[in-house]
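Chemist: Here it is, the structure, as structure tokens.
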Amino acid sequence: MNAWLTVWDLLPTLLFGAVTTVQVTAGGFVVATLIGLLCAVLQRFRWRLLRSAIAIYVDVFRAIPVLTQLFIIYFGLTEIGIRLDPIPAAIVGFGINGGAYLTEVFRAGIESVHQGQMEAAQMLGMTRLAALRIVILPQAMRVVLPPLGNFAIGLLKDTALASAVAAPELMFRARTLVDKTFLATQIFVTAAAIYLAMSLPLGYLTRRAEARLSRGRQ
């Protein structure tokens with residue numbers, strides 16, 4: 001009982017770490033979404049060199065573990081004079097890695113819209129870019145939203161890896177407290193409960209979005 005009372009006193013420290021976890025998740029999600037959407041749109045143009053470069057980016061960053069990418073960004077960039085603090089390094093790392101996955105998600109969403117709609121929009125005088133923005137992407141989002149929600153949940157949990165580059169997120173705070181108190185079970189169980197409390201609302205919102213989109217297709 002005394003151990004749990006000690007953890008209760010340490011709870012604010014864990015909650016501060018949870019705030020950083022949310023910040024890294026949100027930042028990484030925004031960066032990944034922007035990269036994924038941009039790459040998916042650029043793939044629709046007939047620029048062979050650019051499409052090849054995007055394909056290489058997707059294959060390479062999906063093949064390398066995200067932890068390795070975090071180490072390269074945080075430690076490796078210092079070799080060329082670029083020094084990032086732990087939180088920005090984590091956001092960039094998760095964003096670049098996630099962008100490779102979301103490129104495929106957005107590509108699948110865009111390809112789910114019948115090609116005839118692009119042709120019809122161009123016949124009305126729209127440029128290819130305008131047709132993508134006005135006609136194709138709004139419809140593609142119906143396919144993309146559920147995977148985006150699942151990606152956000154996965155990213156929230158993956159932020160625990162940011163502790164390896166000293167980002168003061170939830171797992172980093174938990175490990176620091178364990179080193180000080182030796183209450184590993186109690187602290188990690190509490191950290192797991194906090195992760196659960198953050199993940200469940202995201203899962204609920206994702207299911208609600210899927211249900212609404214399913215009703216919209218009927």
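Cβ coordinates are placed from backbone N, Cα and C, and glycine is handled just like the others.
These came from TrEMBL, pasted as-is:
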type	residues	note
TRANSMEM	14-42	transmembrane segment
DOMAIN	18-206	domain 'ABC transmembrane type-1'
TRANSMEM	54-77	transmembrane segment
TRANSMEM	182-205	transmembrane segment
Chemist: Determine which residues of the chain contact the transmembrane segment (182-205) at the Cβ level, with the cut-off under 8 Å and only residues 6 or more beyond its ends counted.
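Modeler: Cβ under 8 Å, 6 or more out: 3-4, 6-7, 10-11, 14-15, 18, 21-22, 149, 152-153, 156-157, 160, 170-171, 174.
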Chemist: Six or more residues beyond either end and a Cβ under 8 Å away: which residues meet both conditions relative to the transmembrane segment (14-42)?
Modeler: 50-51, 54, 57-58, 87, 90-107, 109-110, 129, 132, 137, 148, 151-152, 155-156, 159, 162, 167-174, 177, 187, 190-191, 194, 198
